[in-house]
Every structure is written in structure tokens, then in C-alpha cells.
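Following: one structure in C-alpha cells, then a few remarks.
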Amino acid sequence: MDVSELIDGLNDKQREAVAAPLSNMLVLAGAGSGKTRVLVHRIAWLMQVEHASPYSIFAVTFTNKAAKEMRTRVEETLRMPVGGMWIGTFHGLSHRILRAHHREANLPEAFQILDTDDQVRMIRRLLKAMNIDEKKWPPKQVAWYISARKDEGQRPKDIQAYDVNEQLLLRVYTAYQDACDRAGLVDFAEILLRCYELLRQQPTLLRHYQQRFRHMLVDEFQDTNSIQYQWLRLLAGQENNMMIVGDDDQSIYGWRGAKVENIKRFLDDFSAQTIRLEQNYRSTANILNASNALIQNNSERMGKSLWTDGNQGEPISIYAAFNELDESRFVVSKIRSWLNAGNALQDCAILYRNNAQSRVLEEALLQEGLKYRIYGGMRFFERQEIKDALAYLRLLSNRQDDAAFERVINTPARGIGDKTLSHIRDCARNESMPLWYAAKAVLEQKHLAGRAATAVARFIELVEQLDDKVTELELSEQAKTTIEYSGLMAMYQAEKGEKGRARVENLEELISACGQYEPPIDEDFSSALQGFLAYTSLESGEGQADEHEDAVQMMTLHSAKGLEFPLVFMVGVEEGMFPSQQSHEESGRLEEERRLCYVGMTRAMDKLYISHAESRRLYGQEKHHSPSRFLRELPEECIEEIRIKTQISRPVNSGRFSASVTHAAFEDSGYNLGQRVLHAKFGAGTVLNYEGSGAQSRIQVNFDDVGTKWLVTAYARLQSL
Ligand SMILES: Nc1ncnc2c1ncn2[C@@H]1O[C@H](COP(=O)(O)OP(=O)(O)OP(=O)(O)O)[C@@H](O)[C@H]1O
Ligand SMILES: [Mg+2]
């Protein structure tokens, strides 16, 4: 391909970065200014012009989705596959190094990743054994402490605990680490730390990677934490070149240890030059100006200005809903119109602050028959039945996996109670051995009562027989046999109702996922099963939905980083939700919430809707919230408010998505909220909402037969009933 093609579609500043001589560089710029595009073109440039081999390129980003997209974009730009190039997430790439050198990292070949759930379970067990009150020391918080220490690169021996509380946490950290090491388990934070330590302790290995990865590139650099920074620095060594791109205004992981100061540190440590991009290509002027105005309320910014020569676009619509159901109904009706106008669902995203907010939106979408896909959240591989099945597979692949052992020893119930388990745990602790071997030892020593002994013996036999049965089988057959032979299938089939059915379907889905799994060519796994298990732990559920199906994209604001969509809904923009309650309590957190709001708004290309609800039921509680302060920070000329203008007295007994709202008059409309009306084509329905005025005004009616529709009031010819 022609080199000029590489830089033709770029502005001067972007071109300067893409075509810069080999050096260390920071590209600092606001949202939508083409940072990721520069990074992709730089990779292509390195290969085309500097004749860099794909093997010498190492590119890091934050999510699997982003990594996948980056690879596709590079391949499209170069018009060839770039298999040998390392493009991945911090965790994915460190995991890959650990796999290749597990022995040097002191890990068994079949080491497993402990996910957050397993981690909490394990800590709970340790707390019990150590006689520590779980109520005073919630396992989740202890897990948080441990991960935070690891993110700082600290092992127990590096920590000086001055007060008794920290001394206690430190003891748990030590015990937890011992247990993980014994079982060959690594948690997420461990993957990075262990890889970092491995490289630091093995100079030959480090040298090997340093000589290989001549060109390092990092996207979303503002969200790196201490250990990630150290890791990058180590790999870069003295000779390699690193291009980082980032935006301090989009740093949203401070709560998890990310350090935006790393940008300044990079400039010093790497004597790097800075290139700033200032033109935004993503959003309309209204969206961009409103986002810029919002972020200006933060202090200590590195300072950037963004402009666009794109069109003004529509104003940002702000919808005041009276509750979360009304909000969902609003969103869904807008998506329906979007679809009816000939657009694709996948060009539309719903963004929310917390995963729990998705459920009510999902229900509304389901009701309207609109397909959706959730990124993050309750992922396929995190569902209970799937984790059960995976735990059996993990135990088959590695008998030292204590977390898997704990999960399945009495699932399905086989009469192995807490007492028996405590015996086994005690033995494991005293003898420093994994639970699996401890169970065998306990049996041999005849410490268990008759019934318990038989149950444990049967379990061990079951796993061993299963192992014999499946070793020679194909992966999907392995999964199928395991799910059936273990009794999991029968157990979930016996579970009544919708939930049981869904679980059985999920297990079947797991079998087909195994069938579709292709081990990566350039990664070294001793078996397909091992590769699959690693994939399930690392892949954040992105394969779950049918990838080719057109669907609305739903995700938290955090997972939307780096992405863009023509139509965006930001829901639940209320005080106490967003900014979150906790952000009032810690300094700096409010500004981080504002950056998150900036990230959310700047995902939108053409149209942005922001909604808030007067009252909301979440986590089983009804809360009354005022609109978020962030809304007041948006300039008036960029927004339009859609609201029911009269005071609405709240319905006493409104059912889910029912239209039984109170009868309050709409200003000027001639219709009442909740009024029953008749439409010539759609039949009878209930008035839900009204927007605009005069000839532009539109009315929303929930028709009994065809569901909710927005109609132009002037043409609707509604008859009152
Ligand atoms: N010079 C250009 N000409 C036309 N379109 C461009 C140009 N540069 C970038 N774009 C487009 O603008 C959009 C935003 O680019 P990109 O995603 O690279 O921005 P970004 O700075 O990485 O944003 P974020 O901060 O959100 O990650 C993309 O659709 C991209 O293709
Ligand atoms: Mg980007």
C-alpha cells in the first residue's frame, strides 16, 4: 500500500504524531480527537515505513473489546493480518507471559484465574478459620484491600502495618496468598504483579522481551495504576520506544488505584515530547460544547481545548421522568422510532452508572421486542450454573484448584456437610496441601464418620472416573460428559420454573461455546480445555450474545470508554446516583464522577438523551432524587428539556409499565396525562406524555394492542373516550 494513504486521512497534528521519528511520545487530547486512530496509524506506519516486524510491536489497551477493535483496525489499514503482533489488555498480555513461563513464575502449568466471586469465597473461608468476625471484616472489603496492595506492587513483607486493623488485614493477606500459591491460583491483580516480578527477577527473560518489543503503544494511558506503569517501564527498558495516548479528563479509575499522575511521570521518565490534538471528529457541536462546559468545572486539568467544524446538530434532550419505569419507557420509545426510521439498533447505546440499573431497561426492551446486548455486568461465564460446570472442568484440569473443589464438592448435594468440609480444610491447612489431597488423606486416616466418608469417597471416585472418561474426548464432548456425569444437568433440570429452564439452556450454551472455541494459534496451552478455561476467565463475556445480531448496546459508563455511537442514552442522571452517594464523602471523587459524565456524553456522535427520574426503586428501595448537578452545568443553548410540565402527583399503585398514572393536565395540549383516547388505526390507549409545542408538539400514547407510540399531535386525531 501507498504510504501517503496512511497519512492522508489525518490532520496536521495527527500526521505529526503518526510520522514522528522513533522516540517516546505522549499524545494528549480530549475525547473524539482521534487518539486511537493515531495509535492505529502509527502501528501501520512503523511497519510500512520503519519496516518494523509485527513481532516487535506491543500494544496495550483496557478492554477486550477495545483490543479486538484495535487489531481489526490495524489489519484494515494495512490490508493484511498481523497475527504475531501482541495487542491486548494489561491482564491478557501479562497472563500470556505467565503462561509461557509458568515454571519461572513458580506456578503450576495448569494455574487458574480466581475471579472476584471465588476470591471472596476463599477469603470468607480463611476468616472463619482465623476466627475473625465476618461482620466486622466483610470479605469483599478484605478482597479490596488485598487487590489494592497488589496494584501498588506490595507483598505482605513490603507493608508496615502500624495499627491493629491493618495488622489484621495483613495477616489475612498473608494467609490468602499462601492458600492461592498452594493451589496454583492467581487473582486478577496477581496476574500483573506476578508477571512484573517474574520479569524483574529473570534478567534473561526480561532481555528477551525487551529486545523483541521495540515499539510499545498504550491507549487510555490516564487509567494506568502503579503496577501497570512499572510493568510498562520495565518492558520498555532503555532502548525501546513508547507512544502513549490519553486524556486526563477521562481518568475514571482513580477509585481503583489508577494514577493520572502517571502521564506527568511518563514525560519525565521517558523524556517524551507531547503532541496535542484539538479537533474533535466525533460529535456535533452541541454535544461537544456541552461536554466542554461540563468538564470546565473541574480543577487541576492539564488543559485542552476542543473544537469541531461539524454541524450544530440537535440539542441534547433532557427527560424528566417520574420514575424508573417511565424512564425506561421513554428510552424504549425513542429507540423504536430510531429503528423505524431505518437505523440499526447497534448504533444505539444505553449507558448507566451501575449494573443494577440495567434490569428495568431490559424488561422494557423485552416487552417491546427489541434485542439488546449487555457488556460487562452479569456475564455468561459468571452465572451460577456456568461457574459450577466450569469448576468441575477446572478441577479436572488441576486437582490443586481449591476454589473449584469448594464449589463442587457438595454441588449437587451429596451429603457432605460443613463439618466434613472443616475436617478437610483443617487437614489441608495443617499439612499445607490442596483440599483435594487433604480429602484423600482424611479418608485414609479414617477420620470421618461412616456416611460422610462414603460421600467423600464417592465424590473423589466421581472426579477420577470423569477424568478417565473425558481425557480423550473433544472439548465440547468433555463439557457435555462433565455436566451430565457430575449430576449438574439433572439438578438444574429438576429446578422448576423459568429460572431452571434458563439454567439448563445456559449449560447447553456452554457446551456449544466449547464447540466453537478455537485455541489461539500462537499461545501455548497443554490442552484445549486449559485454553478454554483461561479464555472464560479473561473474556469479559463479550462472546455471550450472538455477535452478528443487531442489538442495542447496554453497558456501564465505565465500560463505554473509548467507544462511540450515533445515538446515546444516559439514564439515571440524578443526585445520589450520578454523582454517586459515596462521591460526596471522599475528596476528589466528585471530580472523578464529573469526568465519568464527560466520558459518557462524549460517546455520542449525533444525538444524546439524558434522563433522570424523580423517584426510583433500586435494590428494593424507593428513593427520591433531584436532577444531577451535572445537568445544571450544561449550557442552556445546547439542551432542550422534554418534560411533563405540570406537577404530577405520584400514582399510588402504578403497576410495572402500566399506564395508570394520575390525571394531570398537560399545559396547552388539550389532553390529560392518563386520559383514555381512541386512534383510528391503533385503537384505544392511554396518554403518557407530551413534548414540544404548537405544530411541533408530539404526544405519547400507550395503545392497548400495539404498545407505546409517539405521534404528532396535530395529525393524531385522537378522540377522547
Ligand atoms: N482526521 C480525521 N478525519 C476524519 N475522521 C477522523 C479523523 N480523526 C479521527 N476521526 C474519527 O473520529 C472519531 C473519534 O476518533 P477516536 O476514536 O480515535 O478518538 P479518541 O481520541 O481515541 O477518543 P476517546 O478519547 O473517546 O478514546 C472516529 O470515528 C475516527 O474515525
Ligand atoms: Mg480512543
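Every residue, even glycine, has its Cβ placed from backbone N, Cα and C.
Here is what TrEMBL says about this protein:
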BINDING   Ala29, Gly30, Ala31, Gly32, Ser33, Gly34, Lys35, Thr36  ATP binding site
DOMAIN    8-284  domain 'UvrD-like helicase ATP-binding'
DOMAIN    285-562  domain 'UvrD-like helicase C-terminal'
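The Cβ of Ser33 (ATP binding site) lies under 8 Å from the Cβ of Leu277, Glu278, Gln279, Asn280, Tyr281, Leu306, each of which sits 6+ residues away along the same chain.
Checked against ligand 2, the binding-site residues Ala31, Gly32, Lys35, Thr36 give Lys35, Thr36 as the ones with a Cβ under 6 Å from it, listed in sequence order. Per-residue pLDDT, averaged along the domain 'UvrD-like helicase C-terminal' (285-562), amounts to 87 for this model. The ATP site is set by Ala29, Gly30, Ala31, Gly32, Ser33, Gly34, Lys35, Thr36; from the centre of their CB atoms, other residues of the chain with a CB within 8 Å are Asp247, Leu277, Asn280, Arg282. Cβ neighbour count for Gly30 (ATP binding site): 25 (other Cβ atoms within 10 Å of its Cβ, all protein chains included). Under DSSP, Ala31 (ATP binding site) is assigned to coil, being neither helix nor strand in the three-state scheme. For Lys35 (ATP binding site), the same-chain residues lying six or more positions away in sequence with a CB closer than 8 A to its CB are Val27, Ala29, Asp219, Val245, Gly246, Asp247, Leu277.
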